[in-house]
């Protein structure tokens with residue numbers, strides 16, 4: 001009997017210790033839930049202020065790229081250059097953005113957002129001054145490379161900063177505002193640059209860019225703190241305040257910039273990278289050939305009329321990005337509640353991405369047969385709306401899946417987009433001359449459709465598996481209760 005009694009006592013002690021450990025774990029869980037999060041360290045006003053300045057930097061990144069383009073023939077003449085070298089000023093700008101974005105991404109993930117952005121903006125101010133004082137085309141080309149290399153920090157760290165301060169279910173709307181003004185900058189730049197160059201010379205465009213950059217630089221210094229989540233959490237911990245993310249975040253380390261490209265091979269990211277890259281390339285090619293086609297027969301439009309036609313395109317890009325962000329946040333909440341998957345952000349993006357190939361086909365064949373100007377404009381509007389509504393949801397999905405290395409992931413994604421666009425812009429004129437607008441843009445449209453299929457299959461499969469697991473868990477509950485009763 002004695003062994004049995006001792007055994008019972010031990011069992012009682014074990015059960016009591018288990019219950020105590022359960023209570024302690026529940027107490028720890030409750031205490032952690034009571035902790036403030038890193039997102040609670042910013043007031044609404046502070047978030048809006050940071051977002052406004054980040055949006056301004058996103059606008060500057062595309063505004064600077066294209067503001068002097070209407071005066072490109074004058075630049076070639078003044079610098080005693082050739083048309084080939086003149087067009088190269090746009091290509092090298094994109095190449096600088098393409099490769100240096102990888103560097104800014106890994107530096108920011110390791111050392112924080114604030115110091116890297118201020119460093120890049122300082123270099124950008126100097127490179128803009130270099131473009132203004134260029135005495136020949138070669139100095140101008142070097143200055144343009146540096147401009148693209150420095151200002152691309154806005155395209156990389158803009159979404160990363162937004163993800164640092166906004167909750168996952170609020171990010172798509174904030175990111176959509178960033179890309180709305182990012183796209184508007186590409187249309188406002190030429191609209192302002194044309195008249196400005198005509199009245200005051202092409203160098204005056206860089207004075208406007210310099211002034212805008214200085215204003216944003218000063219605003220950033222005074223109103224934007226460090227937002228890197230690991231740095232913020234450690235700062236609060238040192239002052240005696242523990243945030244909820246303290247045990248979740250890992251100390252970042254400096255990596256080889258080329259290692260950022262390894263994220264592209266991940267199956268959770270690669271389909272969306274390809275989808276965005278083809279869409280971005282298609283959108284830019286369509287916009288580039290828009291004024292070129294309108295200046296030819298049967299349209300023969302002058303630059304002032306072409307500039308007016310860009311206004312509805314700007315409205316469509318801005319509204320499309322905002323609509324895509326709102327719908328992505330709504331879908332994210334809905335699918336997280338019903339299916340518990342993070343890909344809910346991407347569902348509206350995939351639905352709207354279908355509009356891109358439809359618009360490309362209308363656009364290409366309308367120019368092929370010289371149809372009324374309304375048709376190619378409608379086609380381009382549909383294409384731009386489809387592409388701008390697609391981007392906020394996918395970028396929001398990136399921010400959830402890769403919070404710890406977000407800047408590197410965005411840099412790798414932008415690298416593919418810019419590189420593909422640069423390559424295709426180089427050969428598009430030759431291809432169009434050989435096969436025509438209609439067939440060329442139809443091929444691009446088919447490629448866009450094919451890239452939508454794979455991510456759609458992935459999301460549908462995850463939703464189906466989630467519903468199956470819910471059915472299995474719901475069926476297992478009666479069995480457990482029956483066993484207990486028995």
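Note that Cβ sites are derived from N, Cα and C of the backbone, with glycine treated the same way.
As the structure is a computational prediction, the values presented were derived from the model and not from experiment.
Record note: among 438-460, 461-483, 438-460 is the stretch given as transmembrane segment by TrEMBL. Note on TrEMBL: of 238-261, 310-333, the range annotated with the feature transmembrane segment is 310-333. The predicted model assigns the domain 'Major facilitator superfamily (MFS) profile' (50-463) a mean pLDDT of 87.
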